[in-house]
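Worksheet: one structure, shown below.
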């Protein structure tokens, strides 16, 4: 099961969650159902945005990209987790582990910056409504998304290179349900203090900088909302931002705790719970948050499915 020589680990064992054998079938069913709902919910939103012309707006373009990222994000980790829960074999090759780590980071960093871009979209929509379509042109929206993707590719490469340059000579048991940087670093046969500092510095560019940008944008949005005279107008303006604020909080806060605290302060069980939350639970809740109170999305769903008349 292990293929370890004296100098280099060729595969890892993912220990996953510490569940009793009696509860494993129930938890497997629960995680499988959540994963299928993540795929169904986010795919539905993406399809609706593509099919309904009323959703061909910058806000929904970014929501569609977010849904696509969530599908890929969870697919990077959850199917493997389910396979390991249903099997006695819990190994992953060194190369697959590196690939999973890199892809996971690319998608995560891209999503983190996408949240910042979405806050800018809300700022323009609320503070400059008459110029919204001119400012948030399709070209600018596309460039913004490309920027997020490129930043994800570069940042993930730095994270991965600094993590995998260390020697891994055993043990090879990762106390996690997928290959994530903090869990991998615990197995390194060398001092990881440099990696802790690098991860902390990179964390500024991929988590704190987007969060700071979001905070600045929403302070300006709040000032603009308070200038609206009618209470109904203020409520409508704030409601357009509430969904975004909720989603950002669910994703960025656990990710910040995971990647910006020193490795010595992290416990494996806490890491697994945090990773499960920002990797799976947030992706599960995003379609609900964005569609439950959104008349346009519900109207598009009724129109596409033919189940009823779309609200005007």
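Cβ atoms are placed via backbone N, Cα and C, with glycine included.
Please treat TrEMBL annotations as automatic predictions, because they have not gone through curation.
Feature annotation from TrEMBL assigns transmembrane segment to 26-51 (among others).
The feature domain 'G-protein coupled receptors family 1 profile' is assigned by TrEMBL to 41-290.
Look at TrEMBL and you will find 58-78 (among others) tagged as transmembrane segment.
If you look at the transmembrane segment (98-118), the same-chain residues 6 or more away from its ends with a CB under 8 A from one of its CBs are 59, 62-63, 65-66, 69-70, 72-73, 76-77, 80, 92, 144-145, 147-149, 151-153, 155-157, 159-160, 163-164, 178-181, 184, 206-207, 209-211, 213-214, 217, 244, 247-248, 251-252, 255, 278-279. Sequence annotations record features per position, and here TrEMBL assigns transmembrane segment to 98-118 (among others).
Look at TrEMBL and you will find 139-162 (among others) tagged as transmembrane segment. With a cut-off of 8 Å between Cβ atoms, the residues of this chain six or more beyond the transmembrane segment (139-162) that come close are 58, 61-62, 65, 98, 101-103, 105-110, 113-114, 117, 120, 181, 194-195, 198-199, 202, 205-206.
For 200-225 (among others), the entry in TrEMBL reads transmembrane segment.
Below 8 angstroms of C-beta separation, residues 66, 108, 111-112, 115, 118-119, 122, 125-126, 180-182, 199-200, 202-203, 206-208, 210-211, 214, 218, 221, 224-225, 228, 266, 271, 274-275, 277-278, 281-282, 285-286, 289-290, 293-294 of the same chain, each at least six residues beyond the ends of the transmembrane segment (237-260), sit close to that stretch. Annotated transmembrane segment per TrEMBL: 237-260 (among others), in sequence order.
As annotated by TrEMBL, transmembrane segment applies to 275-292 (among others).
Within its own chain, the transmembrane segment (58-78) is flanked in space by residues 31, 35, 38-39, 41-43, 45-46, 49-50, 100, 103-104, 107-108, 110-111, 114, 117-118, 121-122, 125, 132, 136, 141, 145, 177-178, 247, 279-280, 282-283, 286-287, 290, 296-297, which lie at least six positions past its ends and keep a Cβ under 8 Å from the stretch. Averaged over the domain 'G-protein coupled receptors family 1 profile' (41-290), the predicted model reaches a pLDDT of 86.
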